[in-house]
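Chemist: Once you've had a glance at the structure underneath, I'll fire off some questions.
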């Protein structure tokens with residue numbers, strides 16, 4: 001359970017100082033890497049967890065700071081009294097692992113030597129040569145850090161939510177905001193950027209102070225909540241570190257769909273097919289998405305793939321997310337119940353305070369995490385479940401699947417619980433209602449497809465999860481009897 005309101009939640013001076021240094025360092029490195037203009041690629045809908053938020057919400061493109069009010073949102077007699085938002089970090093750099101794979105692929109292209117005369121004679125442009133000359137500007141220090149576009153994602157989300165729920169994000173409530181984050185820099189920096197967006201909302205035209213000096217204070221780090229998967233030994237042993245756990249991912253890499261792409265890309269790039277593998281192909285595809293998201297440019301990497309390739313590569317990404325994030329192996333979704341409990345504890349507290357005619361102590365709770373935080377929770381709640389599991393062998397049958405990670409958890413994705421107090425309710429039970437929003441759109445309830453629920457009904461629907469959440473037991477590895485028989 002979180003303690004107090006945001007104005008009372010402070011991290012130690014050392015993490016604050018470290019955060020300030022990290023932010024200054026990151027900003028100095030990023031000053032020349034800001035996105036230029038919004039460029040759209042035909043491949044954009046298929047980038048999986050590397051998808052830009054605006055590609056899921058194209059209505060934001062004309063004015064990304066203007067709120068888009070879903071007509072299903074409650075109004076009139078029902079007043080929002082609390083908002084709990086689980087937010088994925090904004091656009092980030094590739095990880096060091098991805099950068100090194102891209103460097104390996106770039107090296108293959110540069111080692112090709114002179115272009116084959118037959119390619120010129122056939123009149124084909126040498127895309128491989130163009131890619132060998134394309135600047136490889138990614139460096140190891142970037143390692144998944146938030147980029148300027150990611151800060152912009154957060155600032156704009158803050159402005160939209162503050163306009164959509166003005167009473168909750170009022171100036172008077174600013175000191176009562178409660179922010180929690182994963183320890184990863186991209187999440188900590190996302191929380192800081194969100195606060196800067198709120199400052200811009202309250203004080204247009206004035207530069208924001210350092211986050212540590214804001215009335216609300218910096219986000220509090222809580223990895224047991226926001227990175228629960230790192231604290232579940234059963235998940236780490238049976239899935240994360242288990243070479244056979246992602247069988248379907250590895251089988252799909254060597255299956256006919258991926259092998260066709262491998263041969264095609266080898267031909268386009270004029271490199272031996274034996275020098276390529278599915279991992280290199282996937283990082284090349286993601287490089288198209290990173291260049292689009294970070295710099296707003298369409299690189300030659302985007303020209304290597306067509307829509308059919310993109311659909312296959314999206315499925316490969318979705319397979320990995322499906323089996324690791326609580327849909328295939330359910331241990332990860334079950335271990336997210338602590339986070340689910342935490343959300344309902346906030347809602348319960350707000351209900352009790354309103355029933356006692358007291359002000360809600362924390363009207364806005366903001367939690368910054370990862371795709372790996374959101375997906376298991378959505379699985380636990382019963383969302384995006386397909387009738388048949390995603391496997392290496394049913395790609396064609398899953399063309400119209402519900403589970404498309406990029407449409408669920410793009411950069412800056414958000415799952416929001418809004419608690420309402422409704423006047424003129426006929427019974428005390430009808431006083432409090434809840435709506436869920438996913439990426440700022442009302443999310444129908446998984447069990448009823450209704451757009452709103454009485455709070456007690458929603459809590460009752462999930463009572464088994466809320467009452468039987470024992471992650472320490474759930475995540476404990478089975479004990480092995482090592483005693484010798486006498």
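Note: Cβ is positioned from N, Cα and C throughout, glycine not excepted.
What TrEMBL shows for this protein is this:
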| type | residues | note |
| --- | --- | --- |
| DISULFID | 78-422 | disulfide bond |
| DISULFID | 288-302 | disulfide bond |
| SIGNAL | 1-33 | signal peptide |
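Mind mapping these onto the model and telling me what they sit next to?
Modeler: Other Cβ atoms within 10 Å of the Cβ of residue 78 (disulfide bond), summed over all protein chains shown, number 20.
Cβ neighbour count for residue 288 (disulfide bond) (all protein chains, 10 Å cutoff from its Cβ): 23.
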Chemist: Residue 302 (disulfide bond) has how many other Cβ neighbours within 10 Å of its own Cβ?
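Modeler: Summing over all protein chains shown, residue 302 (disulfide bond) has 21 other Cβ atoms within 10 Å.
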Chemist: Run through the Cβ atoms and count how many others sit within 10 Å of the one on residue 422 (disulfide bond).
Modeler: 17
